[in-house]
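Asks: One structure is given below, represented as C-alpha cells, and several questions about it will come after.
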Amino acid sequence: MVDGKEVYISFNRWEDTIRHSFVSHLSAEFQRKGVSVFASEDSASDDRFAEESDAAIAKARVSVVIFSENFASSKGCLNEFLKVSKCRRSKGLVVVPVFYGLTNSIVKKHCLELKKMYPDDKVDEWRNALWDIADLRGGHVSSHKRSDSELVEKIVADVRQKLDRRGRIGVYSRLTKIEYLLCKQPGCIIRSLGIWGMAGIGKTTLARAAYDQLSRDFEASCFIEDFDREFQEKGFFGLLEKQLGVNPQVTRLSILLKTLRSKRILLVLDDVRKPLGATSFLCEFDWLGPGSLIIVTSQDKQVLVQCQVNEIYKVQGLNKHESLQLFSRCAFGKDVPDQNLLELSMKFVDYANGNPLALSICGKNLKGKTPLDMKSVVLELKRHLSDKIFVKLKSSYDALSVSEKEIFLDIVFTFRGANVDNVMQSLAGCGFFPRVGIEALVDKSFVTVSENRVQVNNLIYDVGLKIINDQSDEIGMCYRFVDASNSQSLIEHKEIRESEQGYEDVKAINLDTSNLPFKGHIAFQHMYNLRYLTIYSSINPTKDPDLFLPGDPQFLPPELRLLHWTCYPLHSFPQNFGFQYLVELNMPCSKLKKLWGGTKNLEVLKRITLSCSVQLLNVDELQYSPNIEKIDLKGCLELQSFPDTGQLQHLRIVDLSTCKKIKSFPKVPPSIRKLHLQGTGIRDLSSLNHSSESQRLTRKLENVSSSNQDHRKQVLKLKDSSHLGSLPDIVIFESLEVLDFSGCSELEDIQGFPQNLKRLYLAKTAIKEVPSSLCHHISKLVKLDMENCERLRDLPMGMSNMKYLAVLKLSGCSNLENIKELPRNLKELYLAGTAVKEFPSTLLETLSEVVLLDLENCKKLQGLPTGMSKLEFLVMLKLSGCSKLEIIVDLPLNLIELYLAGTAIRELPPSIGDLALLDTLDLKNCNRLRHLPMEMHNLNPLKVLDLSNCSELEVFTSSLPKVRELRPAPTVMLLRSKLPFCFFIFYEHRVTLSLYKARLQYIPEEIRWMPSLKTLDLSRNGFTEVPVSIKDFSKLLSLRLRYCENLRSLPQLPRSLQLLNAHGCSSLQLITPDFKQLPRYYTFSNCFGLPSHMVSEVLANAPAIVECRKPQQGLENALACSFCLPSPTSRDSKLYLQPGSSTMIILNPKTRSTLVGFAILVEVSFSKDFHDTAGLGFRCVCRWNDKKGHAHKRDNIFHCWAPGEVVPKINDDHMFVFFDLKMHPSILFEGDVFGILADLVVFEIFPVNKQEMHVGDSCTITKCGVYVINDAAGSSSGNTMTPQCSSMDSLKLLDGKGKKRLRVNYAGLKQREKALFLYIACLLGGEKADLLAQFLASTDFVIESTLEDLAGRYLIDISSNGEVMMPPLQRNFSREIIHMLPASTKELVSMASGSPCNRNNDVFVSFHGKDFRKQFISDFLKKLVYKGIRICIGDKILSRSLINKVIKESSIAVVVFSENYASSSLCLLQLMEIMKCWEELGQVVMPIFYKVNPSDIRNQSGHFGKGFKKTCKKTINDERQRWSRALTDAASIAGECSLNWASDADMIEKVANDIRKKLISSKKLGKQIQRVDCDHDNPWETEFNKCIERFFQLPYDGNHDESLVSLTTEKVIDMKQTLKEIYQITKVKLKNNLVGRRHINNICFMHILYEKCEERSSFNPTSLHTLYDNGIPYQVYTKRKKHMSGEEKAPIGGCVGCFYMGQNQGITKAGGGRTMPTAYPAAPQANQGYNAGAQPYPPTAYAV
C-alpha cells in the first residue's frame, strides 16, 4: 500500500530524457521544500505498479501532469492522465499542467492522432481527459528564454501556494521572502535574521513556520517563546539545559568549544522586547558552528539592530483575499463566506487592515451568531475596540517614553494622514523633538510614513483614541482633546465663567460641524493652552458651520500652532490676535476680504492656505513672513495682485491657479520650486526678455519639482492660459525640462526651446508647424504632445535626430497629411483623427521599437504597408474608424490588442492565427467582413471578441476561437432569425454571452444548453418574449434586454438574478415578478407601456421583498432592492409624495417596535439633454433628535444603476424606488427604538454621480416620499407634513488621490520594463541618463520603456543634472524583487553591471552550451546559491584579462565537461588559466563529466575529440598543445561523472556538499585577517599586503584533531621569513604612531604571531592554526604592548576569544562574528595613528 503523498507527478516514465533530468530535479526541489512527492519513475508496467499509481493519485492533494514530446506514446501514461482527470472531477484533486518542450496546441494535435495510434482502445476517454487537463488555467510552459531550474522553481512555488491555501493563511508567500533573505547570506557563516512588525501581525506564527521548515537542515534547534521572561527566569545556562539539553555541570569554555561550535544550530528568539538580554545571550552563541541560523522577532526595529542581525524582514499585513479567508474560517468555519455575508465580512476585513490577531478575534466573536446579532457586533466594534485587541496593543504603548506617548497621541488626534514635514514643524513648535520621536514610533510600528505622510493603522488609531478617553478620565483632564462628541459643554454656551474648570487644559479641538448636536456660540477666551484648532464639515465642505463667533476680537487663543478653519465666517482676522507661535494657517473657502492688516510677528509661520476664498482682495501682509514656505491662493477670483516675495528665501510653493485677475508674472524668490499659473490672466511674457528678469526666472525654475516625484525637475506650466498670445525666447530658460502650454489657444509660435527640455505640451494651440529647432537642437526630448493642433499640416525633416523621443501625440491634427520621417526610438505613436492617406513602408524600420500605434478614425487611410510583422514589439494596434481601410497583408506577431471596428476589410490575413498573445479582437461594424479564417481556431482563448453588426459575416462556429466574452452577430444570412444549435454546444461553458444587436427574432429553447451563464446581453433584438426556461439558469446574475422594442412580456426570472435592465422596451406591458426573489437592480426606464399600479403593487409587497433580502444581506446595512420606471404619480393616486427633496415622517412607538426599514420614493425630472456618463444616484440624509435634544444623523448613497452599467438617455419624468435596510432601529437609533424626540424623522435627498458629487441642474427632484416597512403591519404611508428644511446645498466631496505603491507600479510594468528596472537596480550609482541609455543600447537588451516612464511610476529618479538615481526605498524594493527571482534570472540580472563576478568569489564555473545551461547548469548553480556559495559563471566573461583575474580570485574552479565543451575556444582559454592556478597556486579544481567519458577528455577522442579538432583548426600549434595538456591534466583529477549516477539531482547535491566542505576548510585561516586596500602612495603598505597574501597560501583541511597536511621545510621557512618581514616593515611605523586605523588590527595580529613563533624553538603550523582557532592569550598581546610602549601592565589571564577579563560589564558584537568587550575605548581615527600609551585596543582581526 502506498503512503499518501501531497504531490503526484505524472509523466511518461519510459521517456528517459526527462525522467533522469527534469523530473528528478522537480522531485528533489519538492523534497527540499518539505513537500512529500510521488513520482512514477519505475519503468515497470505491471499491474502492481498500476495499482500503486492509482492509490497514490487518489491520496494526493495536487497532481503535476507533465506533457512531454512523447507523452502519447505510452498507454500507461494516457491511463494515468485519465485517472488524474477523474479524480479532479470526483474528489477535487488540484491539477497543475506542465508543457515541457511543446505547447497546448501541439497537445491537442496529438489528441486528434490518438485514433490512428490506438484504433481499438478507449481513445475518446483519453482525448477528453487530455483536453480537460490541457485547458486548465495556470499551466506552466517551458521556453528557450528560461532555464529548467527557473521552470522548476515556478512549479514548486505554485504547488506550495495551492497546498498552503488549506494550511496557515498567508504564510507561504512570506516564507518565500524569508528564504531569499537567508540565501543572501553565505552558508558558511553564522546567519541571522530579524522579523519585525506590529503586535498581532503574525511574527510568532511566521517564525514558527520558518522553524518547522528549516529545522530539519540543522543538527540541533530550539524555539524560545517569550524570550525576555524565559531569559530572566532561567538565565543563559538554564535555557541551554532546557532547549538544547546541555549539561550545566560542564564548564562554560568546554561547552562553547566542544558542544556548540561543532554543530549547526537553528535558534529562534521570539518576542524580544529588551535588547540587553538578547545581545548577552547571542554573544555566547557567537561560538556556534558555521552555517548556524539565528532568528529574532520583535516589535521594535531598534532591538533587532542592537542584536546585530544581518537582515530584517518587516511583516506586512495580510492582503484582502487572505484576510477574508482567515476571517471567514474563524467566523464561519470555511474559507469563503456566503454571498449574503460577504459585505459584512469585508467591513471587518477593512477594519482589521490585514492584522491576523484582529481578524481572528473578530471572527471568533461572530461564530455561531445570527445575522441580527452580527449587526450588534459591528456597532460595538465601531464604538468600542475589542478588549482583547486593546490589551495586546496597549502593552506596547506602555513601553513608550513620555515624549513618545505625547507625540503619538497628538498624531492620532490631529495629524493622522498629514504631511510628515508639516507635522514635525508643528510638533517642534510645541517643544518636542519630532524627528527622533516619529522615527522611534516608526521603529516600534505605531506609525508609518508613506508617500511623505504620517499614517496610523486603524487598530492603532482606535487604541490611541481609547487611551485618550481613558487617560482623560484618570487624570481628570476630560477636555484635553475635544471633538464633536464632547464639545457641547465647552462651546454651546454664549458665556463661560472663569471659575469653570478644565478650559485651560484643552490642548486640541477637532470639530466636524456636520456632526455637531447643537447650534451655539464658540469662544476660546480661557483656553490658554489650545495648540491645535480644526473646524470643518465632512458632508459639505463649502457650507458655513453652525457656529456663531462672539464680538470679542481676542477670541482666538494665543498659543495656537495649527489653525484649520474651513469656511471661516468673518471678513478679517482680529487685530489683537497674535501670530507669534502659529506654524500653519489653513482657511479654504473662507469669507476673508483681507488679512490681519499691518505688520505681525510671523517668523514661525510656514504655510498658509486661503484657496477658494472668492472675496479675498489683498494679501500684501504675506511679504512680512520671512520663513514662509507655501502660499496657496488657488481660486481666489477677486485677487488682483501678488506681493513682491523676492526676499522670502524659504518660499518653495506658490499656487495662483485660476486667479483670473492676476495679469502680470509674479515676483518670487530664486528658491521657488513649484509655481502654478494655470488659468491666470497673464497675457504676455515678452517683457521677460529684457533686463535681468529672464535670468531671475531661470534661477527661480532651477529647483522646481514635480508634485508627485522626489527628484528635482524644472517645470513651467501655463496650461489653459487662453489669453497668452506671445512668448519670449524660451531658449533663455536653460534649465527647463517640462514646458506646458496646452490649451493656450492664441499661441501661434515659440521662438526657441531650452536644450534640456524633456517634455513639451502644445495641445490645442494655434501652432502651424513644428519648429525646426525642436528637431536639431533638443536632443533630450522624451515626449511631444501636439494633439488637436488643427492648423498643423506636416512634420519637419530631421525628426530622426530626436533619438530619445518615446511618445509622439498628433491625434486630432485634422490637417496633417504627410509623415515623411519619424524618430527611431518611438514607443508610442498617436495619429488618430489625422488626414494621413498612407503609411510609408520606409517608416517600418524607424518604428522597430514601437509598442502602441494609434490610427483610429483616419478616414483617408487606405492601407498598411507590407512588413508589419517586423514590428515585433507592437502590442496594441488601433485602426477602428478607418473607413477606407480594405486590406491588411500581415500583422505583428506579438499583438495583444487589435481594434478594427468600422473598417472596410473583407477578410483577415491568415497570419492572425499565429498571434499567440492576442487577447482582444474588435471587429464590430465591419459590414464587409464575410468570413473568418480557419486559422483563428488555433488562437489561445481570447478575453474579448466583438463581432457586433458584422452584417455580411457568413462563418460562425467553425473558425471561432474560445473566448471569455463573446459579442457576436448571427452569421449565416438565412439564420439571422435564430441562432444555430451548434452555437450553444460550442459555448456551453461560457460565463458571459453578448448577443447585442444580433437581429434575433426569437430565442430558441436550446439556450438551456448554456447553464453556466452569469451574464447575458440580448439587447437590441426583435424577439417578443423570453423563453420560460430562463428561470432554470441558476447562476445567472445579470440580464440585459435594452431596446428590445418588440418585447411584450417577461416570464418568471431566475432566483439568482441581481440585475435586470429593460431600458427602452417600449412595448413591455406584462411582467411576472416573484416578489420574494426580485433582482437587486430593476430598470424599466423609458418603458412607457407598464401599468400605472406597478409601484403600488411593489410597495404592497415591500415586507416580502425586504424579508427575502435580509438573509442575503447578512446585516441590515445595504440596499435591498431598487426600481426605476416612468413616473406613475399622475396615474396612480395611491402614492403619497411630498413636493421638493425633503420630507418628514412620524414614527409612533408601535411602528418603531416593528420597524424593518424604509421604502424611499424619488420622482425626478430630467432635462432634454440629460446623459450623465458619470452615473446617477441619490444621497439620503436622515436626521433626528434624541430625548436629550442632541441631534443625530445617518446617510446612505443609493445608486440608480448597478456598477458598470451604461447610463441611458431618459425621456420624461421617472420614479426611483429604493428599499433600504440601513435605517434599521438598532443602527439608526443605536439600539434604542424609543429614544426619538417627538417621533419625528427628517429625510433630505440630493442627486449625485458615482463619485458622490452633485450632478448639477440636469436632473431635479420634484417629489419624494418615505414609506415605513414593518414586520407584521405591512407598509404604512409616510406622513405628509410640510418639511422643516428644503434640500441641502450641493454636495461636494473631495476625490482623494489614491496611494501610489511601488509594488502596484512594478506589477503594472511589462516584462521587459521589469527587466529594465532590475538592470538599473544592479547598474546604478549615479550614472548619467544618456550614458545609461548608451550602455543598454550596446547590449542585446531591448528597452521596452524609457527612463522617463519609469520615473513617472516613481521607480527611479532623474536628478537635475541628468543622473539616474534610485532612492533607498526603491532600492530596497528592487533588492527584494531580485532576491525573490529564480536563481537563473538573478544571475542574468547580476551580469548587467558589466563585471559578471563579484570580487573574491567562492567558485568559478566553466562550461559550454546554451541548451545545456538551461538544464543541468541552471540546477547546479541554483543549488550552490542555496548553499550560500558565491559563484561566477565563465560563459559571460569575454575579456581574457578579466578571465585571469576572476579565476585567481576564486577559491575553487569547477569545470563541467560536456560533449561540446571543446567546441568553444573561450572554454579552453578558461581551462588553461584554471590549470595554471592549480599548478602554481594550489587552487582546488573539481571536474564534472556530464554525459561524457573522462577518457574522451584525456585523449581528445570520440565526439568530444571532433569538436576539439574543429576548434584547433583556427589556432596555432603551440596553443593547441597547451589546450591538449590542460584537458589531459584536468581529466586526470578525480571528479564526478553523470554516467555513474541515476539522477542528476543526487549528483548535484553531492558536488555542492563537497564544495561547501572545502570552502569551510579553506576559510578557517583566511577569516582571521581583514583584508585592507592599500594606499599606493605608501610603498610599505603595498609590501605589507603582499606579505600577508603570501603568508596565507598555507593549505589547511579544517581538521582540529589531526595535524595539517604535510608541509615542506622550505614552506615553513618561508612562512617564518614572511612573518619577520612583516614585523620589520611595521615595527617603526607602529612605534612612531604612523599607522592608520585601518591597518592596526592586521599589524597587531601579525606581531603577536611573530612573537609567538620567536618564543618557540621550532615553528609548528598545527599549533599556529590552533592559535587562530582558539584565540591568542591576552597576556601575549599585553606583553607586546609593554615591549612597544615601555608601560608596565598586569597580565590578564584567559583567552581573548572568550573574554575572561575583569572589565566585561557589557559585551557587544564585533563585525559579524566574534565578540569584544565594550569596556575598550574607541579605536583611533585614521589620521591619529596608534597611541602606544593608551589602554589596549583589541584587534578586530579576530572578528570573523
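Keep in mind that glycine also has a Cβ here, set from the backbone N, Cα and C atoms.
Taken from Swiss-Prot, the feature domain 'TIR 1' applies to 3-163, supported by sequence analysis. Per Swiss-Prot, the feature active site maps to Glu80; the stated evidence is sequence analysis. Summarising the annotation, Swiss-Prot assigns domain 'NB-ARC' to 192-411. According to Swiss-Prot, the repeat 'LRR 2' annotation covers 557-581. Residues or ranges marked as repeat 'LRR 4' by Swiss-Prot on the basis of sequence analysis: 603-626. Annotated repeat 'LRR 6' per Swiss-Prot: 670-692, in sequence order. Positions annotated as repeat 'LRR 7' by Swiss-Prot, on the basis of sequence analysis: 710-733. Swiss-Prot lists 755-777 with the feature repeat 'LRR 9'. Annotated repeat 'LRR 10' per Swiss-Prot: 779-802, in sequence order, evidence recorded as sequence analysis. The repeat 'LRR 11' annotation in Swiss-Prot covers 804-823. The repeat 'LRR 12' annotation in Swiss-Prot covers 824-846 and rests on sequence analysis. Feature annotation from Swiss-Prot assigns repeat 'LRR 13' to 848-871; the stated evidence is sequence analysis. The repeat 'LRR 14' annotation in Swiss-Prot covers 892-915. Under the heading repeat 'LRR 16', Swiss-Prot lists 941-963. Look at Swiss-Prot and you will find 1011-1035 tagged as repeat 'LRR 18', backed by sequence analysis.
Describe the structural context of these features.
Replies: Cβ neighbour count for Glu80 (active site) (all protein chains, 10 Å cutoff from its Cβ): 24.
DSSP labels the residues of the repeat 'LRR 2' (557-581) in these numbers: 0 helix, 4 strand, 21 coil.
For the repeat 'LRR 4' (603-626), residue counts in helix, strand and coil come to 5 helix, 3 strand, 16 coil, using DSSP.
Look at the repeat 'LRR 9' (755-777): DSSP puts its residues at 5 helix, 3 strand, 15 coil.
On the 0 to 100 pLDDT scale, the repeat 'LRR 10' (779-802) averages 86 in the predicted structure.
Residues of the same chain lying 6 or more positions beyond the ends of the repeat 'LRR 11' (804-823) and with a Cβ under 8 Å from any Cβ of it are 763, 779-795, 797-798, 829-837, 839-840, 843, 846-847, 854, 860, 1333, 1345-1346, 1348-1349.
Taking H, G and I as helix, E and B as strand and the rest as coil, DSSP gives the repeat 'LRR 14' (892-915) the counts 5 helix, 3 strand, 16 coil.
With a cut-off of 8 Å between Cβ atoms, the residues of this chain six or more beyond the repeat 'LRR 18' (1011-1035) that come close are 967, 988-1005, 1041-1044, 1046-1056, 1067.
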Asks: Same chain only, please: residues at least 6 beyond the ends of the repeat 'LRR 2' (557-581) with a C-beta under 8 Å from a C-beta of the stretch. Say none if there are none.
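Replies: Distant Cβ neighbours of the repeat 'LRR 2' (557-581) are 414, 426, 429-430, 524, 527-537, 541-545, 547, 549, 587-598, 600-605, 615.
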Asks: With Cβ-Cβ distances below 8 Å as the criterion, list the same-chain residues six or more beyond the ends of the repeat 'LRR 10' (779-802) that contact it, or say none.
Replies: 742, 755-772, 808-824, 830, 846, 1330, 1346, 1348, 1362
Asks: Under a three-state reading of DSSP, tell me whether Glu80 (active site) is helix, strand or coil.
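Replies: In three-state terms, Glu80 (active site) counts as helix.
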